[in-house]
Ligand code: NDP
C-alpha cells in the first residue's frame, strides 16, 4: 500500500466535499495508520494552521457522520504546500520523499495536460500513481493526447481515471444482482428486455458552478462518463473475475458494440435542452442563460438525452435511453429495466415487469403482477428492497483502491477514448446547431418529447 498522498486542488470543492471525508472514513475503518502522509497543495499560499482550520470546517460540514477523532486526525495529519501543479520544480519538491507517492489531480481539467507534462521532468519515484477526475479530455483528440502524455510518465496500470459512480454501492449492486442471482442472467437479453433507461435527473440547478459547467453541459458532464459507465455494467457480458483486466475488457466491449450514430439517428434519437426561468421546490430559478457567470451567448445544454442500440447477440433489439437534466421537477436517479409482456395471458391485464435500481436514494424495486381481490382479476404489486448501508463512502473506496493499486474500478485509457468516439457525431451535430436547443421551464419534467413540442 502507498502511504503518501499528494492532493493538488487543496481548497477545491472536490477535496472539501469528497476526498477529505473519504480519508476520514478510511481512518475510522482502520485503513490508514499513523505513518500515512497527506499533503494538500494549491496556489493560494496558506500556513499549515490555516489549512487545518479550513479542513476541520469542511470535515465538520461534509463528514459529520464520521467519528470526530477520525476527522480530527485527518485535519491534524495534513500538511499544506503552496505549489503550481504545472511547475516542474514545485512538483519535484512535493514528490521528493521516501518511496512511491499517489498524486491526486483534483484540478480543473484544463490543467491536467500541463501537470502531466511537468511531471516528465519531476523524477516520479517508481511505483507512483496518478489519479485524474473526469472529464478525461473534452473530445477524442484531447483524450488521446492526454493518454499519450500520461504514458510518457507512468505505465497505464498506474493511472487511475476516477468515476465515482462506479464506487456507488447501488451501481456495484447492478452487477452483483445480475451475476449472483440465477433468476436474472438467463433473461438479461433482448428476448426478454425491451428497453433500459438510465436516468440522472436533478432538481438542483447550476448552484453557482457556471465556471465549470458552462461550455461543458449535460452530455459531457454526465452522459459521456457516469451514465456510460452505468450502461457498461448493465449491459456487459459476465466477466470471468472482478479483476481489472476482466472487468475493463468486458466494459469496453459494450462501448465498442454501440451502433455508430448516423445523421438521422442524431436528429431523431438525441435531445438537448436548457432550462428557462421557473420554480423548483418553491424557489425561483432564473433561466440558465441568466445565471451568474454564464456566457450570454452560451448554447450549453442542461438536459441531454440519447437513445442507443447495441449491436450484439445479447442486445440487438433492446433500446437504451440515457438522460440527465438539471432544474427538473424532482430528483430521479435510477436504472429501469423494462421487460417484454408475457407471450400469453389467460385472463386479466398484466403490467409489464420493471426492475428498478435507485441510484440515489439507493434501493431496488420490482414491479410484478399478482392476483387481484376480484374474480379472475390481476393487480400490480411492487417489491421493494432497501440497500445495506455501505461501510465506506464512494470516495473512501476509490481512495483505498488507489492506495492499494487496484485499478478495477478505474477507467482505462482506451475506454475513455471509446466513450468520446461514440459521442463524436452527437457532439458535432449539437455544436453546429443541427439538433435544436429546446427549452423547458425550471421545475418542469423537462422538454416535451419529440413531436409533442408546443
Ligand atoms: P475547484 O475549482 O473547486 O478547485 C480547483 C482547485 O485546483 C483549487 O484548489 C485551485 O486552487 C486548484 N488549482 C487550479 N489550478 C492550479 C494549479 N495550476 N496548480 C495548483 N492548484 C491549482 O474544482 P473542483 O474541486 O470542483 O474539481 C476538481 C476536479 O474534480 C475537476 O476535474 C472536476 O471535474 C472533478 N470533479 C469534481 C466534482 C465536484 O463535485 N466538485 C465531482 C466530480 C469530479 P488555486 O486556483 O488557488 O491554485
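Even glycines carry a Cβ here, placed using N, Cα and C.
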Listed co-binder of substrate (same site as 164, 221, 326, source TrEMBL) among 185, 202, 305: 202
Residue 226 (active site, proton acceptor) and residue 164 (substrate binding site), distance between Cα atoms, whole Å: 8
Rounded distance in angstrom between the Cα atoms of residue 226 (active site, proton acceptor) and residue 134 (NADP(+) binding site): 9
Sparsest Cβ surroundings (other CB atoms within 10 Å) among the recorded positions 43, 134, 164, 226, 326: 43
In sequence order, those recorded positions of 43, 202, 226 whose CB lies under 6 Å from ligand 1: 43
For residue 202 (substrate binding site), nearby residues of its own chain (Cβ under 8 Å, 6 or more apart in sequence): 324, 325, 326, 327, 328, 331, 333
